[in-house]
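Residues or ranges marked as active site, charge relay system in Swiss-Prot: 750, 793, 956. Per Swiss-Prot, the feature compositional bias 'Low complexity' maps to 422-470, 513-526. For 498-511, the entry in Swiss-Prot reads compositional bias 'Basic and acidic residues'. The feature domain 'Peptidase S8' is assigned by Swiss-Prot to 722-1015, with sequence analysis given as support. Taken from Swiss-Prot, the feature N-linked glycosylation site applies to 157, 445, 449, 488, 546, 637, 724, 816, 888, 946, 1005, 1101 (among others), supported by sequence analysis. Look at Swiss-Prot and you will find 85-105, 135-163, 407-470, 495-526 tagged as region 'Disordered'. Summarising the annotation, Swiss-Prot assigns signal peptide to 1-18 and lists sequence analysis as the type of evidence. Swiss-Prot lists 683-1132 with the feature topological domain 'Extracellular', giving a curator's inference as the kind of evidence. The transmembrane segment feature in Swiss-Prot is assigned to 1133-1153.
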């Protein structure tokens, strides 16, 4: 509604200012789209009519080529710099290592010499004292008989203990005296425990040797004494000695730490010295020296001294080297607001003109949860950072993917340990015992094994479950006989389902965040295995719905297990053998059981033959119990495979609103509040400049910028409708960040894709068969090689995501990425969970950060739930994004959920469909708690097999659009050198989306995905830090400077670090000069960090003067019209909307008044134009013409006056023919006698004549005047003509020549709009004038 009022107001304003009267080509409706475009961009019309198109495109490409290629240029430059730095430092490191080795050897020699001197000194000082102490003991030992009784032996041992105690005291006292000796060097470097042991051992050995000379009878006893001295005295009293001896003296470990700290301090000193000087790497490449100059606040890396001399920067207000960091307290309710602002000032002091491009690199986040224990709070942040493991190489898309659980928080690890305990086995053990009691003949061994593992609580719980046995049997029987394959879930069926419902209650309304299911405080978070009865129900239902020879029993094993280890292989083989043995005992025709293992997702699939039915279901229970008894320690859950189907429909020709009963939504432009509203939406929207442009019809250069942008796009976009790409603003996203990056992989788990398609073969990647996939050759071919055997759903979805831009066919959202197509849907549009999990495992192995799932089921599959949960541990803990379609049944997913779209994980994103009218599609599912975002899904044109194209409709078409936008975001991150967190990518999509306001909330965010906003947000810092869109790229001319505002937010609780990189390129295209400015940034949001204090919200005050560099023109247009916003819906927009609404009403009211008055003036203008066109031939000028008109008026008035005596109250009509009118010519006198009654009557009765109808009332007063004038006579020959007097007889004869008819005989429909009604004598003259005008017409 606001949009319509806005457009109408602009049209009226233009109409009011438009003053020309006679313009027949004034078509206002043709400009409606132009006005409409100013408020919103619905349709982009590609224009081919541009003069000198070739030169225009070359200029445009040259102007923006660095913007597209800057990432590759920066990456190559960084790679080359590291190679040169490594090569140069390698030589320096070898020299330094040699020096260090020499120093270490010298230190070791000096230390060893010091040890020897100290030991010799102590040995000399203690030898005499120890001899005196040992003399008494030795005398007591040698006296008496050789054989001593036990009492004497104990007395001897006690004397030895006293001797040892006295010896320890002697050594300790000698060492304490030694420490006070000032002549000994490196006292703190000596290990006094080592000295104590060596001195004591030497003294004891020396004493033993002397005793051995005195007598050999006590040799064995002395050896035992020696061993006891070493093992007992030293070890038992080690703590006591260290407490007394080493009091105030550093230990060996502390000594080593001191050495490390000294070395690190030396390195810091050398680095500080280097930071103030120019570091030249003398290694050359093709472009010259690569120079690194470190300043106090930033670092410049370049291959030219010109950039060092010309460019200067002030980053003292933002760099962590100057301010340490920006401290912002974390607030969960306000983590999306950018509250702190700083500036970077860039100046050009040289003669050259440079092109500047901004980006960010090397982001790092440290989660401080669990790190700050009570003992660690005293440590500084630098010391705590040393405890965090450094991340591996950020290029994680190469190689084989694994699941990395190392980054689990303490809460998650504790919760995982709880899940791995006895809880998963409780339910199974209970049922196991029940079944053993009911089937003693068949299961004696199993009952004995399970009875040992049960406790009293399990037995009591078991008795309570016995009462539920018969109702469950009845329900299973009813479900089996039902026509639908869906089951009614019981209380003990799905613990997961209850957990999902509880997670919704914990979620905050209105936010798009998902709560992690691993909440240890949630009582329902215990993942209990499905019971055997439930598995039997699944088996029977699958048997009824799917006629297959085998059914897949999927067992999800613990994620930390290594399934390829010997232990796990033995466990799996034993379980298989026991199960085969049981089957062979009861089924003679049975051969063997096959199974499938998939890692790293860790699931085991056992193919159970379809030999069971309702008659022998007890045998199936026993088989499941046997399997559980062997694997229950390693299994998290198990269930039979479920069925999934795709979400698409054929082309529908009806209007979008036919079946749409939902409240209408309007497409509005969200507010933008960054940077003190300097570039806010309200200022632009209420600005009068566009109104002036409309009023004056100024065709400025800015009005053609969009045409320039669109003509730079792929040619195939002109061959079909691209409304879906237009409304999500993909074109500007391409213009800013390119078409994507080939290293980014999107895994399409669907019905496969046509390998030979022209639009896909450039991006489609088919994984070669490898043992890492753990598939048989046939199974692999089904999943990948034969993926073209499909009905087109997978090809259609794949084309939407990444159709190649090759001037043929269609173009995808991300035309330059890698697509991995995996088939799990068969030819009937259905697929099982076993194949789905297998496909997801292949995606993990290929390190795909994005997975598309345009399929689902209303049945909750615990195995798929666990599989999707483990996707957050891919890519070294970064996680993979799962984009899922919400469904096509117009249902509320909050009430009737569809999976996997409604899995409540932070890396799962549910997508609904939107139509061209910016309304949720009538077929699309919705849910204000479960559906996250909207995307185009109505009448989408894309690829199908055999190089054909087709229009499909459905949420299956909406999800690929979000996948494509996610791929563009990942591409920007990859270009900047890092891989983002999956949750952060989805938060970027949510916060940059376009708001769709409606009376009823249908999704979590009620917003449309915005490719341009997502790319810009990622390009300029993400959700932690943001720079304005205008500073992505700009030119810095001679003597100019640029103030770059940067805002910060507390997105998460922890410490975030990154580098703002400013790329510098000369405008001269032939130049190979390149440089980068690196500004380190740190944001601290954890208030528990020691000495945390919030930073000021505002930094330094800068003055912007006339030397400020201008924004780039094309980029400014993109930024001003971009629906790019990092905020949620702004309340200030309501005030602006109300003001605009009243202004529009006022404009409409003024316009209506003006148009009404204009209509009257236009009518008068046309009458005057007719008068001016009717000018008879004349010789004597304008005066004679006016005289003729006056004489004619008088003649007709006098002619009709006499006959009105008898018709005072009557209406009369007289018709005059065209020939009679032509007889009245200039310069002649009419002779009324020549008109006979017959001739006049013939002339009057001719039907083709135009008539003038005169209705005359109240002419009684004018009768005498009319007769008088007739008697007086008229002169038609001018001044020199004779006067002709008419007698009464001639006048009466003339009157008889005219026939009057009564007005009552005329029908009402004969009176036309041209009739003249004379109501009184006052307006007779006016009526006669109008009569004369019509008569001339």
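Numbering starts at 1 and runs along the chain as displayed.
Placed from the backbone N, Cα and C atoms, the Cβ positions cover glycine too.
Features as recorded by Swiss-Prot, highlighted on the structure.
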residue	record	Cβ contacts under 8 Å, 6 or more apart
546	N-linked glycosylation site	643
724	N-linked glycosylation site	936, 940, 961
750	active site, charge relay system	646, 793, 794, 797, 798, 821, 822, 823, 824, 825, 852, 854, 855
946	N-linked glycosylation site	754
1101	N-linked glycosylation site	none
Separation of alpha carbons, residue 956 (active site, charge relay system) and residue 637 (N-linked glycosylation site) (Å): 29
Tally of DSSP helical, extended and coil residues in the region 'Disordered' (85-105): 21 helix, 0 strand, 0 coil
Listed recorded positions (637, 888, 956, 1005), ranked by Cβ neighbours within 10 Å, top entry: 956
Integer mean pLDDT for the domain 'Peptidase S8' (722-1015): 89
Cβ atoms near residue 793 (active site, charge relay system) (within 10 Å, other residues, all chains): 24
Three-state secondary structure, which DSSP defines for residue 750 (active site, charge relay system): strand
Residues that sit under 8 angstroms from residue 816 (N-linked glycosylation site) by C-beta distance, when 6+ apart in the chain: 738, 739, 740, 741, 742, 763, 802, 805, 971
Distance, residue 888 (N-linked glycosylation site) to residue 1005 (N-linked glycosylation site) (CA atoms, angstrom): 19
Alpha-carbon spacing, residue 888 (N-linked glycosylation site) to residue 956 (active site, charge relay system), which is rounded to whole Å: 9
